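According to TrEMBL:
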- 1-19: compositional bias 'Low complexity' (COMPBIAS)
- 1-28: region 'Disordered' (REGION)
- 56-119: region 'Disordered' (REGION)
- 79-98: compositional bias 'Polar residues' (COMPBIAS)
- 310-337: transmembrane segment (TRANSMEM)
- 368-397: transmembrane segment (TRANSMEM)
- 409-428: transmembrane segment (TRANSMEM)
- 435-458: transmembrane segment (TRANSMEM)
- 485-503: transmembrane segment (TRANSMEM)
- 524-548: transmembrane segment (TRANSMEM)
- 568-596: transmembrane segment (TRANSMEM)
- 617-635: transmembrane segment (TRANSMEM)
- 647-666: transmembrane segment (TRANSMEM)
- 678-699: transmembrane segment (TRANSMEM)
- 705-724: transmembrane segment (TRANSMEM)
Amino acid sequence: MQVPSEESPSDFSSSAGPSNHPLSAHADGLHAPAHQQSAFQELHNDDMTIIPNESLRSSTQRSPSKARHTFDVHATPHVSLSGSSPLHRSINNASNTRSLDDPASRAAPPSTTDSSIRQRHARLKSAMSGTHNLEYDAHSVNRSHPASASILRPPSFAESQFATIIRRQRKRRVVSPTTHVTPATINSILDIEALNPLNAPPTNLQQPSTTDDPFASDSGWNSAFRRGELKATIDRIIDAPTTTLPSDRQDPLMAIHRAWEFAGWGSISLLELPPTPSNVNNDSDQQSKHLQLGQWKASAIAGNAVTGSVFYALPAVVAVSSVLSPISILIACLLLFPFRPIICELSSALSASNAGNYYYLSNISTKLVAVLAAAFTLLDAIATGAVSAGTASAYIVGETSTQHAPIDHRLVSVLLLIGLAALCLLGMRDSSTVALGMFTLHILTMVMLIVAGVVAWIRTGNSVLHENWSIGMASIRASSGGKGIARAIFDGICVAFVGLTGIECSPSYINQVKSGEFPKALRNLHWIVVLTEAPLMLLVLALVPMQAILGGSNVLALLGQVAGRGAWLKLFVVVDACLVLCGGIITGIVAFCGLVDALCQDRVVPQLLQRRIAKTGATYPSIALFLALTLIMSATCDFSLTTLSSVFSVSFLCVMTLFGISLVLLKYARPSLPRDTIANLATVLLGIGIGITAMAGNFALSPIIIIQTLVYYIAMAVVLIALARRVDLARILVWLIEHQRTSSLGRLTIKLEKHLINWIRRERAHPVIYFAKSDDISMLANALYYIQNNEPTSNCKLVHCYKTIEGIPEQLDETFQLVDEIFPTITVDLVFVEAAFTPQVVKAITQQLDIPISRSFISCPSGRDALVGSQHPLSEYGGLRIVLA
């Protein structure tokens with residue numbers, strides 16, 4: 001047997017010993033020489049394999065064996081057919097002994113037939129006729145090889161199922177213009193120009209004349225590819241990197257882009273799921289372990305940040321609206337009403353992830369838009385931690401610092417951030433019970449403060465209020481040439497939104513809340529804010545002199561001292577402020593880490609940020625990153641609570657406005673997506689208008705905030721976009737290096753290019769899943785187009801779940817091949833799964849294929865009662881991404 005020098009004999013034979021795997025004979029037949037393959041294999045040259053329970057076996061790519069080699073059948077070692085089926089016996093005995101160079105075995109030239117597709121179709125029909133009489137082949141095997149009859153067995157159930165699936169698919173195949181280009185031949189990082197290394201003389205490749213050049217036109221190029229005339233050239237590729245093509249062939253060959261980006265042809269396979277209890281457990285048993293938060297625990301996690309904002313909101317509002325602050329705060333709290341149905345509808349439609357606007361927009365728009373929204377959410381979480389730490393340090397310093405022993409509030413802020421980050425490393429951030437205890441203590445403290453303040457107001461009268469009113473109205477008329485009452489109230493409303501911060505963090509744990517409890521949690525938070533912040537502001541103005549209010553940040557501690565007629569209530573308020581504001585820092589950490597985890601699963605940021613401590617499960621890299629970014633923001637603002645509050649207010653309003661924008665896009669792009677709550681479009685537009693107006697008001701009050709916020713946001717967005725588009729940036733670097741080959745760097749650029757291309761391949765080696773329900777070519781093509789533009793991957797697995805073989809779409813195999821050839825930079829594999837499309841099956845499939853659920857895609861479900869497949873709501877599928885309407 002003549003074997004090519006670059007291939008070992010193992011490529012064409014298998015072990016002589018019997019194989020334990022029931023599909024070993026089938027695999028042996030697939031890896032046999034080309035002249036030993038039967039007509040059935042020629043028909044199904046996509047290498048249709050059955051995937052065992054243990055793992056998804058890699059299938060040989062859809063490309064023929066190397067041509068122009070002669071193999072002697074009699075020189076091939078005997079292959080054991082242990083466990084082969086009648087179908088496999090037919091495959092191994094229907095082959096003839098003619099060599100590939102035998103004229104009788106060659107296909108007719110293209111000029112003798114109408115088209116290459118018809119040539120292929122005729123060969124397929126003749127091939128199918130050779131596979132019908134399986135019994136005859138079996139008897140001939142027994143007569144010619146009586147010794148092998150004892151090791152033959154009937155086909156297994158999985159083999160029979162898979163063979164039936166393939167028979168039912170349409171038999172007409174589409175001929176690829178690059179049939180002879182295999183992954184093995186483009187396994188290096190080079191293409192045709194690599195034959196001529198830098199500064200090396202041209203090789204003696206045969207270059208046809210201009211008149212006879214088959215590559216002079218597109219049709220000639222395609223015909224040459226079909227005849228395999230480029231294959232000998234590609235097989236001779238050496239190890240010098242390049243991504244461009246020779247000048248006489250560059251333009252037509254760019255139809256397949258760079259040769260090293262060709263991902264190879266896909267395959268068809270059958271995935272058998274293990275019959276584990278996880279596939280048959282009741283849905284309620286699974287959900288009871290995952291969904292554990294009721295309305296009050298859900299309220300407590302974000303409530304510590306929402307209700308704790310009163311400590312730093314009151315001084316900021318008094319500074320701009322003076323005695324009109326209670327009116328401004330009350331109106332701001334009431335303006336939160338339009339945002340409640342917005343958040344509820346978004347959480348009802350898309351509640352499987354804790355990533356907030358990033359998750360919403362990734363299911364509605366492109367990955368780039370979602371990453372830009374993620375930058376705002378991360379900025380808001382960082383500002384939450386910085387402002388909470390600064391306010392807590394102000395209360396601590398106000399009570400512990402003396403004239404002889406002053407304490408630096410900046411040091412206290414740093415210690416608080418480090419201490420809370422350490423507690424989160426110990427797993428404290430996941431304790432909803434601790435959060436509920438802190439939330440309950442804070443509500444009791446506020447109730448005590450309001451009751452004591454009302455009693456003190458009745459006892460002392462309105463003297464302080466009258467004095468504050470006179471001072472405040474005079475300052476309003478004097479400031480900026482007399483801006484008027486309406487402008488003072490408006491400015492106070494814009495600033496008062498900082499007292500509502502924290503509610504935007506509620507979607508960061510939405511998938512841990514019991515069904516139907518999240519709207520109740522939002523209602524609880526909203527009414528608590530309405531009933532506490534405005535009354536507390538009124539009591540402060542009625543009992544505390546204006547000079548004391550404007551001179552310190554711990555105004556509620558001063559209110560406690562006056563209302564409690566002693567230090568006991570003041571001390572109680574300070575302790576409560578420290579605890580609740582520390583809870584606000586933890587809320588910021590929860591929101592930040594939840595979004596970073598989602599970005600890691602989607603391969604936007606490096607996977608090292610998802611490393612966890614074994615005992616506590618805390619993601620220590622993301623917590624450390626949160627600590628570092630919070631300290632940087634505090635330091636660049638000089639630990640000024642006023643500046644931090646302004647940045648926090650703007651970032652909060654940006655996130656709330658993004659909720660409205662996400663819902664508008666959801667209504668437009670995913671109108672059929674089931675949801676429990678539907679917000680009126682006018683309400684959504686009103687919420688967007690409120691957010692934009694409040695942002696403009698903050699910018700008008702302090703234009704410097706625009707620069708600070710933009711600097712933080714642009715820095716965050718640039719880093720995220722660079723990480724999300726790192727493969728595209730690497731391609732640009734490769735392109736730049738190509739244009740430096742004539743420089744003095746020489747081999748250095750070649751090595752650098754080689755490393756870059758290898759890195760690109762490693763980054764694109766992680767596959768994604770698209771669950772295909774039908775054989776609609778437009779839907780599959782649109783799904784692959786989305787994946788090509790948004791996911792850095794070179795492999796997509798089209799998974800089709802079926803209950804019965806009769807239910808498989810007849811043209812699924814044909815459309816799969818079409819999309820595989822439309823997108824040559826993505827290997828498209830078709831995987832059949834005999835199971836209903838349920839959350840347990842989806843989880844089992846992703847586990848078997850080792851692909852995260854967040855990188856598994858579906859088209860937009862539609863139906864009544866928010867069910868997918870009339871059985872399960874979308875939230876139970878654990879984060880499947882919707883990529884098509």
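Just so you know, glycine gets a Cβ as well, placed from its N, Cα and C.
Because TrEMBL annotations are produced automatically, they should be read as predictions rather than curated entries.
Remark: the transmembrane segment (568-596) contacts the transmembrane segment (617-635), by the rule of 3 or more CB pairs under 8 A. Taking residue pairs at least 6 apart in sequence, the transmembrane segment (524-548) and the transmembrane segment (647-666) share fewer than three C-beta contacts under 8 angstroms. Where the transmembrane segment (368-397) meets the stretches 310-337, 435-458, 485-503, 617-635, the count of C-beta pairs under 8 angstroms peaks at 617-635. Panel annotation: around the transmembrane segment (705-724), residues 367-368, 371-372, 374-376, 378-379, 599, 604-606, 633, 636-637, 643, 646-647, 650-651, 698-699 of the same chain, lying at least six beyond its termini, place a Cβ under 8 Å from a Cβ of the stretch.
Counting residues 6+ beyond its ends, the transmembrane segment (435-458) has Cβ neighbours under 8 Å at 296-297, 299-301, 303-304, 307-308, 310, 528, 532, 535-536, 539, 542-543, 556, 559-560, 562-565, 569, 572-573, 576, 579-580, 582-583, 586 in the same chain. Below 8 A, the CB atoms of the transmembrane segment (524-548) and the transmembrane segment (310-337) form 3+ pairs separated by six or more positions in the chain.
With a cut-off of 8 Å between Cβ atoms, the residues of this chain six or more beyond the transmembrane segment (310-337) that come close are 387, 390-391, 395, 446, 468-469, 471-473, 475-476, 485, 488-493, 495-500, 503, 526, 529-530, 532-538, 540-541, 546, 549-550, 552-556, 577, 580-581, 641-642, 645-646, 690, 701.
Through the fold, the transmembrane segment (678-699) approaches residues 335, 338-339, 341-342, 344-345, 490-491, 493-495, 497, 646, 649-650, 653-654, 656-657, 659-661, 663-664, 667, 705-706 of its own chain, all at least 6 residues removed from its boundaries and within a Cβ separation under 8 Å. Counting only same-chain residues 6+ beyond the ends of the transmembrane segment (617-635), those with a CB under 8 A from a CB of the stretch are 381-383, 385-386, 389-390, 410, 413-414, 417-418, 421, 424-427, 429-430, 588-589, 592-593, 596-597, 608-611, 644, 647, 712.
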